[in-house]
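Q: In case it's useful when we look at the structure, here is the feature table from TrEMBL:
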- 67-90: transmembrane segment (TRANSMEM)
- 97-117: transmembrane segment (TRANSMEM)
- 129-147: transmembrane segment (TRANSMEM)
- 154-173: transmembrane segment (TRANSMEM)
- 193-211: transmembrane segment (TRANSMEM)
Amino acid sequence: MNRYRAGAVAWMASAVLFPVQLLVALRWPQGYSMTDNAISDLGVTICGQFSEQGKQMRDVCSPWHPLFNAGMVASGVLIMIGAVLLHGWWDSRAGRAGTILMALTGLLVAIVGLAPWDTHPDVHDGAALGQAVAQWLAMGLLAMVAGPGHFRRLTIVALVVSLVGFAAFVAALEGTEVPWLGFGGTERLSFDILSIWTVLVGATLLMGRGLRDQAPTPAERPSVRTRGT
């Protein structure tokens, strides 16, 4: 397995966070709400009532919080490893900047897991926001250098959905009622789509026309290296 394939596999493996979230949520004694609870509530280390500056009051009790936090760290490390291994696949200044930003994204995801929201709120929130900004920038750069095809379309759609979700999440933090999604749903729309994009990009690259040991030539670079593009 060459390093580009290994990088793609690492990004796909970062999906480990999704089954971890499900397992941890199922252990909540009072039940976890996708609309009323934040993602970070799964990693809170004590039981009690929590809020966002007095708004979005909710009950939190996550007995399996160590598993969630470990899953965040594992997912972040896999994203970081994948970015390092894929560095040079998009062989241009913007492409290399994109993979560097994805490595930073992975580091910040790991920090989110190492700093639970209730014990280190400023570090946790700062790392989460930094992760989103770094990945938005990375997605924009990689979409720009990829050329026409499935990858660019996937990236643009995911980027727009994440940004819209983040705007709704900020509004929910200020107390705005968001129909159907709620506070928790808007956060997931913004942040989970970033995780899903990373996994899908890994799968797209792995199913492409051969991730070789060498970076693509300039003539090949506009092709997204996926079937039918």
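Heads up, the Cβ atoms here are built off N, Cα and C, so glycines get one too.
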Q: Would you kindly list the residues that approach the transmembrane segment (97-117) from elsewhere in its chain, counting only those six or more residues past its ends and only Cβ-Cβ distances under 8 Å?
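A: Residues 14, 38, 40-41, 43-45, 65, 68-84, 86-90, 123-125, 127-128, 130-131, 134-135, 137-139, 141-142, 145, 194, 198 contact the transmembrane segment (97-117) from elsewhere in the chain.
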Q: When you scan the chain for residues with a C-beta under 8 Å from the transmembrane segment (193-211), skipping those not six or more beyond its ends, what do you find?
A: 2, 4-5, 7-15, 17-18, 75, 79, 82, 86, 89, 102, 105, 131-132, 135, 139, 150-151, 154-155, 158, 161-162, 165, 224-227
